[in-house]
Amino acid sequence: MKFVDEAVIRVEAGDGGSGCVSFRREKYVPDGGPDGGDGGDGGSVYLQADENLNTLIDYRFERFHFAERGENGRGRDCTGHGGKDLILKVPVGTRAVDEETQEALGDLKTHGQKLLVAKGGFHGLGNTRFKSSTNRAPRQKTLGTPGEVRSLRLELMLLADVGLLGMPNAGKSTFIRSVSRAKPKVADYPFTTLVPNLGVVTPRHGQSFVIADIPGLIEGAAEGAGLGIRFLKHLERCRVLLHILDIEPIDGSDPVDSARAIVGELEKHSPLLASKPRWLVFNKTDLLLEEELQERVDRIVKELDWQGDVYCISAYNREGTQELALKLMDFIDALPPEVEEDPDAEVEFKWDNYHQKTQEVVNEDYDDDFDDDFDDDDYDVEIIYQR
């Protein structure tokens, strides 16, 4: 199935049902009190993470989604039925962003996690709510409020521990094939990898991590050169980045210039991403003699003024790949657990305060001394007014 990692959709929550104006009409009760019921709340729209999905392609073709409207209230104090919520299934790792405000509504990182993206309208109040000692036959009601309407940008961001960076044909796909069972396409031309690939690495029994391979970057990617930088977002959740560098480029280019170009594109896209731990990995070391290899590595490290970790591997021959995988496993295990976002932090929705405000208005007209039990005894006494 085609890999689609971004889609724009429009979600509309259901409107709230309106309240009802109605009065009791029963035999021997000529002056029945109000019995109009409230409307039902409108259905809300939720996103739910599903581990069985791995693309947003369905939302490229189906862009408009509506939740049910709440039913209107009816007589005899019958409350309208609430609208059914709409649940949209998305892949794990999806982020929802409001297109108008650019506000991030939340991330779905675990299977079954739900996120409210459009809140249903609040129900209208029936005339029973407005009865008082001075207004025994109220004809007031309130209408249900409209449901929330949002334009959402869904962004699928892969969940991986290790991310691979590098120029096209640096050997990233070959490396992921050598350390995992993933089988991305490998060929001798640039941009063989067109979509991100994931692989599970198990360096020791009972220990594993996920590695992500994205299409190669070239200089000017931030301006749209090559495949651009749209796939860099898949590395934002990685805990460490491997900068794969071709020690002997077939085009004769200088690896130093290639490394600087990659770092420059990384900083243009996201300073936060550029600040993540990054290891320098020299690939295709089997193409050079041992003495020549060491001289070239020392020169590149010196010119880059590199202070971090440096590793030499041959992904094709699987030389040094297992040792690198073990180092990565130890590094990931030593990292502190990621700080989760505050689960109590909620997005403000349009009608969050409507219920409270409406109830305050009703309470202003309500008389505590009034008996709100409208039974037959209330009408057995004839009131006579004398001048």
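Glycine too: its Cβ is placed from the backbone N, Cα and C atoms.
Going by Swiss-Prot, these are the annotated features:
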type	residues	note
DOMAIN	1-159	domain 'Obg'
DOMAIN	160-333	domain 'OBG-type G'
BINDING	166-173, 191-195, 213-216, 283-286, 314-316	GTP binding site
BINDING	SER173, THR193	Mg(2+) binding site
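Sequence features annotated in Swiss-Prot and their locations in the structure.
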residue: GLY166; record: GTP binding site; contacts (Cβ under 8 Å, 6+ apart): LYS172, GLY216, LEU217, HIS243, ILE244, LEU245, ASP246, ILE262
residue: SER173; record: Mg(2+) binding site; contacts (Cβ under 8 Å, 6+ apart): PRO184, LYS185, VAL186, THR192, THR193, ASN197, ASP213
residue: LYS284; record: GTP binding site; contacts (Cβ under 8 Å, 6+ apart): GLY171, ASP246, ILE247, GLU248, SER314, ALA315, TYR316
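By a simple count of nearby Cβ atoms, those within 10 Å, the most crowded of the binding-site residues THR192, THR193, SER314 is THR193. Within the model, the domain 'OBG-type G' (160-333) shows a mean pLDDT value of 82, rounded to a whole number. Counting Cβ atoms from all protein chains shown, VAL195 (GTP binding site) has 17 others lying within 10 Å of its own Cβ.
Just so you know, the Cβ of LYS172 (GTP binding site) picks up 30 other Cβ atoms within 10 Å once every protein chain is counted.
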